[in-house]
Amino acid sequence: MNKTYEKYYVPAQSPWPIVGAVALFLIAFGAGNFVNEVTKQQPGFGGYMLAAGFVVLIIMLFGWFKNVIDESMSGLYSAQMDRSFRQGMSWFILSEVMFFMAFFGALFYGRVIALDWLSGGSNNAMTFQLLWPGFDAMWPLLKTPGGIETQAMPATGLPLINTAILVISSITLHFAHTGLEQNKRGQLKLMLLVTLLLGATFLSLQVYEYIHAYRDLGLTLASGFYGNTFFLLTGFHGMHVTLGAIILLFVFFRVLKGHFTPEKHFAFQAAAWYWHFVDVVWLCLYFFVYVL
Amino acid sequence: MSAAVTDHEHDHEHHDHKPSGIKRWLYTTNHKDIGTMYLVFALIMFFIGGAMAMVIRAELFQPGMQFVEPNFFNQMTTVHGLIMVFGAVMPAFTGLANWMIPMMIGAPDMALPRMNNWSFWILPFAFLILLISLFMPGGGPAFGWTFYAPLSTTYSGDSTALFVFSVHIMGISSIMGAINVIVTIFNLRAPGMTWMKMPLFVWTWLITAFLLIMVMPVLAGAVTMVLTDKYFGTSFFDAAGGGDPVLFQHIFWFFGHPEVYIMILPAFGIVSSIVPTFARKPLFGYASMVYATSSIAILSFLVWAHHMFTTGMPVAGALFFMYCTMLIAVPTGVKVFNWVATMWRGAMTFEVPMMFALAFIVLFTIGGFSGLMLAITPADFQYHDTYFVVAHFHYVLVTGAVFSIIAAAYYWLPKWTGFMYDEKLGQWHFWCSLISVNLLFFPMHFVGLAGMPRRIPDYALQFADFNAFISIGGFLFGASQLLFVWLVVKCARGGEKATAQVWEGAEGLEWEVPSPAPYHTFETPPHVK
């Protein structure tokens, strides 16, 4: 092996991780109390603690990323460091995939196994006859065994438009990336801006769809297994799109400041990977939640 | 840790001195500092979780209700389990990984040092939340560490939300720790440190980290569904809404089974390091060890429902999970065979790390065999939820994982502190632990086979004698661990100076740096031949 190794940058002490730990404590402890207070409609400190946690978290993120960006811009990071970041981001995205797998797994189990067994499938004839006589297994589950009724969200219309928007945003982001690699800064800025606008449009339409579901369709978080999986899958996806859009926004600001070169642009790359990832999640989600 | 910094020829940068005071520990990015914090934290949690076990054993010393209310007893079993799994065993392994992996592969530090600090410091907060929840009105979580629905949804107390969020933080910590380990191993190996030259501790941790990244998010999903089911009216685990309580068990055990390998694969790595040193022979079957570890990891994703044979799954499912589970005995058998073959005709000596490693091999194998018994579906119908299960998983976790961690601590303490530990005291610790741990857990097999259910604060009279023995074993085992604390403190404060190699038969990069290991090792990578 004749590879030459540059010095690997190990940062000196940093105050940000402990600030972040305090932030997560405030968020978790605050949320734990807040959930109880909200559901019982009692006053309490949980909400304030939760909010304080997010404020501290945002301060931490600004401070931490400022350090990292300064170090990166002053050339402290070797190619090996860049690989560490890339690999770290890839494994993080894998963990996110597995998080969504838990909910997709629940969806498949509910549709294929739980509904079948509730209506007497496998060796559950007595369950059906004694506990849930008259239950009709169907998907979407418009009437639960307990009798809650709802309407299904159609696959055409708004969801289809949203799918198109998200796919197009992935394509525009790809063109932003090629613009960066070919040092066409104008294309980079324009395509990044278009991606951001598409992301914002997607999120607005999602909010509209939720209002429509609650107001017109009677489809809520509490309307049985169909409502659960619908809202948790689309909800967590929406949260990820929001996070991805915020990351892209900061990447956009950095582009405006002249950061990133055709060779070195890990932050851009990571944001783009994340965006493509949430796009793929949406395609799976659209197929399994809306279409099938 | 307070010893002077040994000069390193490349140590001329801005951070060639240790920062002092509390800031050193709060702000540190150094893998050795963070490793030390993980290990100390794990030891503290081991005693807190252990104290809860003492409460359980005191209550079970005699039949009838003695000291605590049933609800408090349930909180003790629940939080004992959570603390030992997430607060003691996993952080101890992560601490060992932090200390040893960069030194073993010739890396300057972990790949993402600041994130490393973050993944440690969120842990104490997570357990603070869990422990605070014990003092809430209605008490802390009392549904068992497996938090089965509907116990954790319909029938749980107000502390459930705190439990959920503290588990989220533990998961975040584990995932970040695992990403750090995996990236360090992929990216920071010294030139010449090829895959098949890596020490087995590094290999096993690489695979463990992969498992962590795959399953901790699933646990996050499970607790999230519990949260929404309990507080926001969803019905993932409620048949009236079209869900199924058994779905909870599927999701939980999809996490839970790989989790048990997360807690044993690094132990395999430790034993594979210690046995060759004290047998003064290279490890027998290195490559087969690597393949066996990988096979166990892959199989661990295909066996989760063996925890659920009594839920009434279709016969085809029960057969599939039974056979897959039994298959795991094959790679595990390869490992035990290789350790024994390593010792065959070796020039063996029996220092404390080796004693614990030998005890591990024998006692872990007992735990493995009782696992095989539990894997047999029709037999499991009899054993399920009895003390036989408790005996099984305490053999693999206490005499398996915990013994390996103790062995590792003895093995590497001289490298960490620069001083040899007190061998005589260590032998006392070993023999006291060995005898008491078997008195504690072996009779559980018998009461379990005779039908004593787990997680119940009272029991039928015929189990009284065995339970008294078990409790005495438990108290003795707990007391024996105080010897260990005394020994570690003594070793950190001074003693016979350790050489760089420490053990006559020790091989590997970590034994080529001085003892104690300098604050920064390998700022420029060594070349591995």
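Glycine is treated like the rest: Cβ placed from N, Cα and C.
Per TrEMBL, domain 'Cytochrome oxidase subunit I profile' is recorded for B:25-529.
With a cut-off of 8 Å between Cβ atoms, the residues of this chain six or more beyond the transmembrane segment (B:38-58) that come close are 66-68, 73, 76-77, 79-80, 83-84, 87-89, 91-92, 94-96, 98-99, 120, 123-124, 127, 131, 402, 405, 409, 470-471, 474-475, 478, 481, 485, 488. What TrEMBL lists as transmembrane segment is B:38-58 (among others).
Annotation source TrEMBL lists transmembrane segment at B:78-99 (among others). Sequence-distant neighbours of the transmembrane segment (B:78-99) (same chain, 6+ residues past either end, Cβ-Cβ under 8 Å): 31-32, 34-39, 41-43, 45-46, 48-49, 52-53, 56, 110, 116, 119, 123, 126-127, 130-131, 134, 140-147, 167, 170, 174, 177, 181, 201, 205, 208, 259, 262-263, 266-267, 270, 397, 401-402, 405, 408, 412, 416.
Feature annotation from TrEMBL assigns transmembrane segment to B:120-140 (among others).
If one looks beyond the transmembrane segment (B:160-188) by at least 6 residues along the same chain, the residues whose Cβ comes under 8 Å of a Cβ in the stretch are 82, 86-87, 90, 94, 97, 101-102, 105, 107-108, 110-112, 115-116, 118-120, 122-123, 125-127, 129-130, 132-133, 136, 140-141, 147, 152-153, 198, 202, 205-206, 208-210, 212-213, 216-217, 219-220, 223-224, 226-227, 230-231. The transmembrane segment feature in TrEMBL is assigned to B:160-188 (among others).
Same-chain neighbours of the transmembrane segment (B:200-227): 93, 96-97, 100-101, 104-105, 147, 149, 152-153, 160-161, 163-164, 167-168, 171, 174-175, 177-179, 181-182, 185, 234, 236-237, 248, 251-252, 254-255, 258-259, 261-262, 265-266, 268-270, 272-273, 283, 286, 289-290, 293-294, 297, 300-301, counting only residues six or more beyond its ends whose CB sits under 8 Å from a CB of the stretch. Per TrEMBL, transmembrane segment is recorded for B:200-227 (among others).
Annotated transmembrane segment per TrEMBL: B:247-271 (among others), in sequence order.
The transmembrane segment feature in TrEMBL is assigned to B:283-305 (among others). Listed by sequence, the residues of this chain that lie at least six past the ends of the transmembrane segment (B:283-305) yet keep a Cβ under 8 A from its Cβ atoms are 196, 200, 203-204, 207, 210-211, 214, 250, 253-254, 256-258, 260-261, 265, 268, 272, 275-276, 313, 317-318, 321, 324-325, 327-328, 330-332, 334-335, 337-339, 341-342, 344.
Taken from TrEMBL, the feature transmembrane segment applies to B:317-340 (among others).
The transmembrane segment feature in TrEMBL is assigned to B:352-376 (among others).
A Cβ distance under 8 Å defines the sequence-distant neighbours of the transmembrane segment (B:388-413), meaning residues of its chain 6+ beyond its ends; these are 39, 42, 46, 84, 88-89, 92-93, 96, 99-100, 260, 263-264, 266-268, 270-271, 273-274, 277, 351-354, 356-357, 359-360, 363-364, 366-368, 370-371, 373-374, 419, 421, 426, 433, 437, 440-442, 444-445, 448-449, 454, 484, 488, 491, 503, 510. Residues or ranges marked as transmembrane segment by TrEMBL: B:388-413 (among others).
What TrEMBL lists as transmembrane segment is B:425-446 (among others).
Taken from TrEMBL, the feature transmembrane segment covers B:466-489 (among others).
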Mean pLDDT across the domain 'Cytochrome oxidase subunit I profile' (B:25-529) comes out at 96
Could you name the stretch, out of B:120-140, B:247-271, B:352-376, with the greatest number of CB pairs under 8 A to the transmembrane segment (B:425-446)? B:352-376
Sequence-distant residues near the transmembrane segment (B:352-376) by C-beta distance (under 8 Å, 6 or more away from its ends) are 264, 267, 270-271, 274-275, 277-278, 306, 322, 325-326, 329, 332, 336, 339-340, 383, 388-389, 391-396, 399-400, 403-404, 406-408, 410-411, 421, 423, 426-427, 429-430, 434, 437-438, 445
Any residues 6+ beyond the ends of the transmembrane segment (B:317-340) with a Cβ under 8 Å from its own? 268, 271-272, 275, 283-285, 288-289, 291-293, 295-296, 299-300, 302-306, 309, 361, 365, 368, 371-372, 375-377
What same-chain residues lie close to the transmembrane segment (B:247-271): Cβ under 8 Å, and 6 or more beyond its ends? 85, 89-90, 93, 96-97, 146-149, 199-205, 207-208, 211-212, 214-216, 218-219, 221-222, 225-226, 236-237, 289, 293, 296-297, 300-301, 303-308, 311, 335, 339, 357, 360-361, 364, 393, 396-397, 400-401, 403-405, 407-408, 411
